[in-house]
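See below for the structure under consideration.
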Amino acid sequence: MSENARDPRLVVEILSEALPYIQRFSGKTVVVKYGGNAMTEDTLIDSFARDMVLMKEVGINPVVVHGGGPQIGELLERLNIESRFVGGMRVTDAETMDVVEMVLGGLVNKSIVNLINRSGGKAIGLTGKDGAQITARQLRVEHQTPEMTAPEIIDIGHVGEVEHIATDLIEMLAARDFIPVIAPIGVDAEGHSYNINADLVAGKVAEALGAEKLMLLTNVAGLMNAEGEVMTGLSTAQVDAMIGDGTIHGGMLPKIRCALEAVKGGVASSHIIDGRVPHATLLEIFTNAGVGTLITDTASDVSPED
């Protein structure tokens, strides 16, 4: 720890800066998508768990939705099960889905729960199948080349999209001071399980809960402009325009769309933040500068003094 970090005056200054944010967001729900480097580096893992506990202690209700793609890939490799991808999505047959459930609903989920509990919180691990929280349907993937007269439907197995989020279980746990930790596995009316993109699940959970914030932890600093600077304080109209003119493209586009749709669906603000920064969630919520890209149509969300 640096000498500055030990300076009591600096500690008081930080707490003073955080106070209006704590007052404003107390009693609100914040949905956090946890993944990337923040999930694999020991220092970041510990800081994330402490962030969730601190949020709960100051009256904010965090809800965690996590990924686990690398961990799924590792176990599939150990079991000599080939991984195939179509459009960046894992082709998930019945055998692969069993592994997905074991990893997401078991290994990864309970590891996060344990970390939060060891940091002084009360976390409960769930999948979307518990309490039928996440009703899913199979995702239809279309492929078409210029030579084709019509697109073909590609069957990628047990990969789904969200049809409905039931919030009663999440709300009950949050009201009893628990921190829900949700694996992105959904179920359809026939009881079939589906692996769903964790960003999309987090966005839909945030919409269903009427959350104050959706926070997507990533391995980048945020949405960058042509000069390499992080853009923030963006409206949905601005983001739509940047998607339309090609300013936003490539790997960031799916996350931006997820964040955008959440705000359009009633979430006060979405944040794409740098999960490589220790305590990124607290820095984004409780400081004036933040550590990522904020998307909101609520002018006062940029600063509590506005």
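Glycine is treated like the rest: Cβ placed from N, Cα and C.
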- Query: Swiss-Prot has G68, G69, N195 binding substrate. Which one of R24, R50, R90, R176 is in the same site?
  - Reply: R90
- Message: For the binding-site residues listed here (G68, G69), tell me which residue's CB has the most neighbouring CB atoms inside 10 Å.
- Response: G68
- Message: To see if you understand the setup: which same-chain residues, six or more apart in sequence, place their Cβ under 8 Å from that of N195 (substrate binding site)?
- Response: R90, T92, M97, V100, L104, H158, V159, G160, P184, I185
- K255 (site 'Transition state stabilizer') has how many other Cβ neighbours within 10 Å of its own Cβ? 22
- Query: Between G69 (substrate binding site) and K33 (site 'Transition state stabilizer'), what C-alpha distance do you get in Å?
  - Reply: 13
- Note on the structure: Taking the centre of the Cβ atoms of G68, G69, R90, N195 as the substrate site, the remaining residues of that chain with Cβ inside 8 Å are G67, I72, G73, T92, V100, V103, L104
- Message: My understanding is the cutoff is Cβ-Cβ under 8 Å with a sequence separation of 6 or more in the same chain; which residues meet that for K33 (site 'Transition state stabilizer')?
- Response: V65, H66, G67, A198, D199, A202, L214, M215, L216, L217
- Query: If you measure K255 (site 'Transition state stabilizer') to G68 (substrate binding site) at Cα, how many Å is it?
  - Reply: 16
